[in-house]
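**Q** Could you have a look at this structure, given as structure tokens, before my questions?
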């Protein structure tokens, strides 16, 4: 029996499988070309085995087929070499069964196994049938072609959909084999109905793909990094000693004095690289990146089978064949169509346990992903080594943002303490609290509300001074400059990371089309082809050009989808749906805010009728607090809804690439969540109390609800309450509890489901699971958009309304200290290892940050000028004050109203609630008194204050914008030392290649000299006649030899 044959006693003869049946294409027929083609088929099959060439006994992809035909292999073939401890040899799934080839990637698929079937391992142990050295793949008989094998028991009825997936997998995996990858299948797992394909990239494939991808790899050449000198060197050494306790205990975390010169990998220049240890030259991150690029590039395109007999079957078969002919299925399409359930690289091992082998994942958990190391710097280089550049850039940005919050928090605390220290010196609040002024205020609502004393709002007025003081203006300017400095600092940090990670010359290439885009293009192309066929049916075909027309049609169908693209006409319904949906959802947000406003008005009127004096005195606080809590709950719920709707709206647009999909999704999600989070705050800051009218002529909502007013101390205190509760609530509930609670709950549900499936052997199955089984039970990585989004929204809270809440940076800082470790723990312990994505910046998020920073300057200018009393105080101080102090400011801002001018049905039901009859009540506005000729008209003071407010907005905005741009101009984007190092690398690289060329030229000259000497030696000593200079002709042998030279 020859190598590769199978001895199956008692089985009927079967067609010899082809190269395609060996895991490549069709799975039927014999290979053309005789023994040579069969030998080529066997060479392809060698890469699908689990053991070395000298020990291989089973072709792993044949497990299903061998089980289906009832063949029981001999006991001493596959598992004899693994009988001692097979899992230990392959390090529990990190390597192939031979223990030498590392698993670089995992493909997961669902398969249906008959309930009575046993695993291959058990059958091997109970079989005495002799087995050849290697087996070819035995496929299922195709439906409608041949009869099934009758071995033992009849096969279950064929599921055409599942069989189609299986055949697609076989073709795809065969194409992976042709691409040079090595595969190993495992269906003997603890997870019922789930199979795994382990992928290994050999050295030659890694080298080839690294050259295609232009991956920069470190060369043998090392050079010194320019160090700081003089005073800066001493300062750096002192800082290193001070920060030593908070540095992570990770190798190469400290600043390096030497760096390897990097160069795009080239197989022709392998001598430049240190290849002494080929196993570690390409790390696991790079290996998984290379394999994923091959998975995206590899396609399966051919039709597999006809779907049975009959007209309906023929029609479906023709449609299926046409789709397979025109469509291309890479890994993204196969995942989207359910052919594979998942695809992911493996984690390096376990991260906790007594006898766990030390690995990068364990090191990351100990030095980065624990709450106990919250005070330490992040090991960003190790994060990049394990997760790749895109994820490490997110954590680097989050670390820089958190560090920059420290000075902002310190200044915010100082501003707050200044407000506390000057509270008792604030004349306006002292006047409001003074009982001797006896100022009677007009009712806050119609009928049920009565007159009230201004002194009852004393607590609110005193508290508002904490945030409404001159230091607030300074803090707003400071935060605007802080935002500009933060952006510049991050750009410089980003350039340092690009230099350290060899990304300075990296340019992102166009990504592969998404599966949904290819399917949509395929659908369009099929419709176009069917329309053309309909036209050709009605047009008589010329017999002379019939053959030529058929050739053109066939050639056009080969690359039909390559010529078809989605235009704006194809996407117009999606664009219209997007526009209408976004407008509708923004309207929903406004409607909810309006509903909360009505709730506040109704609740204030209801509480005003309460007989308890304590309840009536705290109406504003009660209504404000409950309304903000309602807003918070609605915001959290709508955030989740809007996130799902934004993803759906982006999907129906069918973007071509993943990058385009991500950018469109980010824009929609940010727009909706921005409106959802900030609309209630914008209302309090800029609309509440602006359009209320006056006593006797109030503005009503729906002719029934009277618009609410600001407190005598202004709306800034209420804005502070609104901002603080929403910000802290979102951070505590949405960002922390959800991120901690939901993964724990999902993990617990998976635990219960696994326990229900195999209750008897649950503990054993948990202990003995392979690495790829453990990782399959982890949550798939859903992208960085949610992580960035919550931080961007927080950045808006910190910058947009910081004039009303100086403690916002402090609470953001405390949240981010926890957020960094929370996200780190999630990536290390809760998620599958993400696919590595190379990136040199944070993408569209940087533009969003810059936009928020610019918007913050404008919003803070309006908050200071219109929401706070800063401008009215300045106007009174310099225009109306008699003694140059703030005495009389409160009385100046209040207008008078004659209670006899109330409209019918709006006067208080109990006018004697204060114990005396009120004839004149006061309200906050700049209007003429009732004894004036133009009573209740807007006074000149209003226009003076308005002019001052607008002037302040213009001056503040332009001044701060100029200062921010000046900061951008002063601070260079690229640090000087980094630009010098980049230039030095280029010079060293040129010198390296010049020296290499000189060595080559010198070697060539030496070789030519030796050859010339060999030529001259026979002329001078042995055969002078044979020399070219002699009179006779040279000998033929010498002439031929000279021709060779």
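Residue numbering: from 1, along the chain as shown.
Glycine residues also receive a Cβ, built from the backbone N, Cα and C atoms like all the rest.
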**Q** Which stretch, out of 344-368, 369-393, 394-418, 419-443, is listed as transmembrane segment by TrEMBL?
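**A** Going through 344-368, 369-393, 394-418, 419-443 one by one, TrEMBL gives transmembrane segment for 394-418.
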**Q** For which of the residue intervals 743-766, 767-790, 791-814 does TrEMBL record transmembrane segment?
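**A** Of the candidate stretches, TrEMBL labels 791-814 as transmembrane segment.
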**Q** According to TrEMBL, region 'Disordered' applies to one of these ranges: 1-37, 38-74. Which one is it?
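**A** Region 'Disordered', as annotated by TrEMBL, spans 1-37.
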**Q** Choose the correct range: of 496-520, 521-545, 546-570, 621-645, which one does TrEMBL annotate as transmembrane segment? Give that range.
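**A** Going through 496-520, 521-545, 546-570, 621-645 one by one, TrEMBL flags 621-645 as transmembrane segment.
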**Q** Restricting to the domain 'Anoctamin dimerisation' (95-380), what is the model's mean pLDDT?
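**A** Per the prediction, mean pLDDT sits at 73 for the domain 'Anoctamin dimerisation' (95-380).
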